[in-house]
Amino acid sequence: MGPPDSPSAPPASTGSKKPMIDIVDLHKTFGSTKVLTGINLTVPAGSTCVILGGSGSGKTVLMKHMIGLLKPDSGKVIIDGEDIVPMSVQGLQQVRRSFGMVFQAAALFDSMTVFENVAFPLRQHTSLPEDAIREKVRKRLELMSLKPEVENRFPADLSGGMRKRVGLARAVVLDPKVVLYDEPTTGLDPITTDSVDEMILTAQKELGVTSVVISHDIASAFNVADQIAFLSKGVIVENGSPEQLRESTQPAVQVFLQTWFGKN
Amino acid sequence: MTTETPSKPNRLTGAFVQSVEGFGRGLIDVIATIGGVVAMGLDIFRWSVRRPFRLNNLFTQLDFVGVGSIFIVGLTGSFTGMVFALQTSTAFALFDAESLVGPTVALTLTRELSAVFAALMVTMRAGSAMCTELGTMRVSEQVDALETMAVNPVQYLLVPRVLAGLFMVPALTMLFNTTGMTGAYIVAVFGLGISPGTFLSRTQQWMAPSDVYEGLIKGAIFGLAVALICCFKGYNASGGAKGVGQATTEAMVASALSIFILDFIVGMMMH
């Protein structure tokens, strides 16, 4: 645990696993607003890291740096041993193929069926024959507990939870090394939230992916996380296991956790 | 205690300053939009010559913008030709020059009206759909999803749409010429009793291939401008459903204005 006055808490112990994501002293400013002020974060391969924090704390900006959608003012973003900050557009395209991303509202292409959505990355980046694509899409949908009947439905005909499942099936269809989840449980009822948590755990267990979850949902974070990093005002003020976070003495963390644990 | 009320000159000065500020803001917006459209155009050109060439997407857009507009452009063309023949024949009858109905309609259509009307029809039918679709994709994070899947959204979404505008508006201009002249012929020959030989020979006498080329060049320029503006507004939409609606309105107004302004500029350059 980092000292209260440090600009950013040191990374939690990564054990023997090699780091998949290593963020070093990351700074980002928009105009005169400092959004990230010295982020240090290490996510070991195959683990699930939840970045927890309130609205406007810089979670989404941090995630966008991980996939190269934003360039930092200074600092390093090392993905699987390679710093992506100085990379060209073509280099970043290559790196992004090892990522899958699940959006808050799933961001499925509404002009395509479920099958076409999940098959989209395969059609763009592989030369697999149609039979192999069909087989792979079916397996991924099955892994997400979706029946083959949904294949021909359009996103508008699916429930919120089903859309999230299709979104994850699409995110993992190219067998990525990392899956990023942008507030996956926001706006869902408790039962659907549980099923989304289950889906995140399944993806990690069955596919061995490294997962990074951006969330302000404390219950969900404690359900899925191996590691929780707490972001407040552009700085990671706590970083450790869920148990370590619960015992944190940081005022920002305590106030945030009280909203949940204070009630339970 | 006395309360100070602003004097009349002060109020007038305030209103003047406000209107100047409003004008300045509007001007800055226009310049920013033109700059944004030009920058996006350059980006689209860069991505249009890079692999992979997405022919499926291009043909889908060619079909949507071109084939899908055949009926409306054909219909508009035939009625424009018919009404134009009717009105000009009334005027020409005053000095026994009805034989000039054919060439007058032909020159007006080929040089000016066909390209302008075809572009306006494409703006209303396809441009609005382009802007709304791209805007909805932007606000529902579908554009971001493409980017995270290592698919360049400019190449995947914008290149086919802009190329479709560039190629299909000249084709629709030609269709407008054809249906317009057919409509004018029907009204002139069957309605007004002008001899078919006179109508056709006079038209041939006064027309040159350069008149048709002028219209086609204008069509290509209008098509490019309309597609770029609609893509720019939709691609940069923000603020949910309201933002998409606002972007579409702005795209329609800017496209229509740009057609008339470009028509004047290109016409002036060609003559």
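Every residue number used here counts from 1 along the chain in the order it is shown.
Placed from the backbone N, Cα and C atoms, the Cβ positions cover glycine too.
Since this is a predicted model, take the numbers as computed values, not measurements.
Quick look at what TrEMBL lists:
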type: TRANSMEM; residues: B:26-45; note: transmembrane segment
type: TRANSMEM; residues: B:65-95; note: transmembrane segment
type: TRANSMEM; residues: B:156-176; note: transmembrane segment
type: TRANSMEM; residues: B:182-200; note: transmembrane segment
type: TRANSMEM; residues: B:212-235; note: transmembrane segment
type: TRANSMEM; residues: B:247-266; note: transmembrane segment
Ranked first among B:26-45, B:65-95, B:156-176 for CB pairs under 8 angstroms with the transmembrane segment (B:182-200): B:65-95
Touch test for the transmembrane segment (B:65-95) and the transmembrane segment (B:156-176), at least 3 Cβ pairs under 8 Å: yes
Residues of the parent chain within Cβ reach of the transmembrane segment (B:212-235), under 8 Å, 6 or more residues beyond its termini: 33, 36-37, 40-41, 44, 65, 109-112, 114-116, 118-119, 122-123, 127-128, 130-135, 138, 143, 153, 157-158, 161-162, 164-174, 177, 244, 247-248, 250-251, 254-255, 258-259, 262-263, 266-267, 270
